[in-house]
Each structure stands twice: as C-alpha cells, then as structure tokens.
Amino acid sequence: MNYKLFSPYTIKDVTLKNRIVMSPMCMYSSENEDGQVTNFHLVHYGTRAAGQVGLVMIEATAVLPGGRISNKDLGIWDDSLIEGLHKTTTFIHDNGAKAAIQLAHAGRKAELETDALAPSAVPFNETMKTPVEMSKHQIKDTVLAFQQAAIRSKQAGFDVIEIHGAHGYLINEFLSPLSNKRTDEYGGSPENRYRFLREIIDSINEVWNGPLFVRISANDYHPDGLTVQDYVQYTKWMKEQGVDLIDCSSGAVVPARIDVYPGYQVQYAKHIKEHANIATGAVGLITTGAQAEQILTNNEADLIFIGRELLRNPYFPRIAANELGFELEEPYQYERAPGKISTNK
C-alpha cells in the first residue's frame, strides 16, 4: 500500500524522498561561542538523515552575531562559517536526505551581553532587558545580513532556505502589533509591519532561486494580537513574493498560556493552505505515523515537521513505516538489524 507520508515531494527543482522534515531546533552547542559547527552537529543531523528523514533542517542560524539567542548558537554571519556548514550538508546528502537551513535573528530575545535590538523598546517580559529600538540604518543592515546569509547558504550546499518569522524573534516582532509600536513606515498598518519581512524576502530572492520557506507563528494567543486570519493576508503577500511553503507554528511573541494537545497547530497549516492557497508544513506534537499520514491524506498540510519526536528517536521514519506496514528503504549497513523491513542492498 502506498502512503502519502512516504511519497516524494518536489519544490522547484528539489525533490524530497518523503514528506518528513526535521524541524529546526536550537542545540546551543557551538561550544567556543563562535557560531561554528561542531562534531556534535555533524552526528546530530547526519543521524537523522540516516534515519530516512526527507529534509533535515538545521537549527536557527544567526545572520548576525548580535542576532543569536545565546552565545552557543550556530552562525552564518561570516565566510569563515561556511566550511563547517558545508561539512554538515555533505553528511546529510551522503545519507540520502536534502538539507535546509533556518536563517534567524533573535531580536529582543537575544540573551547576550550586548544590547538586544527590536522594532520597539518593549521587553518580552518583566525579567528580560528592554531592547533598543532599531534605527532605519540597522534595519537595512539586517536585511543585507539575511541576503548575505542566503549567499553563504548556497555556498554551503543547502537545498532549502527557511526564514524564521516565528516564536517572538525579530521578524515576528515586526509583524505583531504587540511588539511593534513604531510610527514610521515599519509600524502601524499590517502593510507597514510586513515591510521588514518583505524586504528580507526580496533581498534573498536576488541571490537565491531555490525553495524558500517561512516559519510563522499563526496565533499570538492574545486578545490584541494576531490571529490565523491576519496571517492569511501576510502569507498571501509571501506567496506573491515567491515563497514556496509556510511552516505553521504559533505563539511566543508575548508570554501566553497555550493549551497544547496532539497536533494542536495543524489547524493553522490547514487554514493557511486553504485560504492563502499556498503549500504548508504542519508542526507540533505530531508523534505517530498514523497521525502524520492522516494530516496529509486530509490535505491539511503538504509536509510534516517533526521536532521532539526526532530528538527522542532519530529513526522515527522507520518507526512510522513499521506502524503503517510500509517497506521503507534503509541504509544497507543496517540490514542485519532485528526487525528490518526491507531487503534492499
């Protein structure tokens, strides 16, 4: 029997062998605090590729040193960082998966000794420091940093770029009226709050012609914040700019209580897919093959982003295949393992 979860998916000239994506998750493991890839990253991402994930997405990678969440985040702000990232993509490709990178700036959530930058001088909560409102010059420099990061991503061998526009980091801070109190052309109306992201997408499109994703937080979980309907308009603009897929997460732009349950964010992927007519990825407490397959067969999303479940078990695709009774291709080195479900050599 054929399963959609294990069917190929093509975006532009990149074909994923299945619909399983390793969701980007910060590992805080650049031990020398220089943004460099370490041996841990090679093993961490290479193992998920060997486990038959279709697309392995590298964690949020800072486009500027001051855009890191912590000093131990990965970086892509300098050419010296390309070599380590290229080793990582080579590991991933050698094990049969495609490689993606999430480009990010932490904004007011940067927990560094230096000043945190944000659209407005509004702290995330009472315990975090008040950020510095970005000048227009700093905005332009950050847009350029995303463009240069895209160039380096191409040089490092990535197949897909994702822009991190979610979870209360810098781009999300510009999009939400809860964190953006500006009165210039970057604040106020939805069009103005979108301007920063628009400029980033345009700048990346000048140097990158591969698949482009954007991760969003489709619900601020606040009465004065954004809802998924607001993001329908944002994602329509993204589609007009050539974005290929929306990775639909939620929350974290302000402190909020969120009731989580299995697949609690799938509704956002479905809503954006239906109302913005753009491909989406579903993420959030998706833990079984049957659950993932149902999301795809119900046409609620196009890709399945798996996070913590892949931390618990890097061979989740094999477990999902066994659960569904599907014969998944496996590395020939593992064929002697008990419970193998393929005889490919």
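Glycine is treated like the rest: Cβ placed from N, Cα and C.
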According to Swiss-Prot, which candidate in Arg195, Arg198, Arg215 joins Ser23, Pro24, Met25, Cys26, Ala60, Gln102, Gly307, Arg308 at the FMN site: Arg215
Listed in sequence order, residues with CB under 8 A of Ala60 (FMN binding site) and six or more positions away: Pro24, Cys26, Ile69, Asp73, Leu74, Gln102, Ala104, Ala106, His164, Tyr169
Cα within 10 Å of Gly165 (substrate binding site) - qualifying binding-site residues among Met25, Arg215, Arg308: Arg215
Integer Å distance between the CA atoms belonging to Arg215 (FMN binding site) and Ala166 (substrate binding site): 6
Count of other CB atoms lying within 10 Å of the CB belonging to Arg215 (FMN binding site): 28
Residues near Met25 (FMN binding site) in space but at least six apart in sequence (CB under 8 A): Glu59, Gly307, Arg308, Leu311
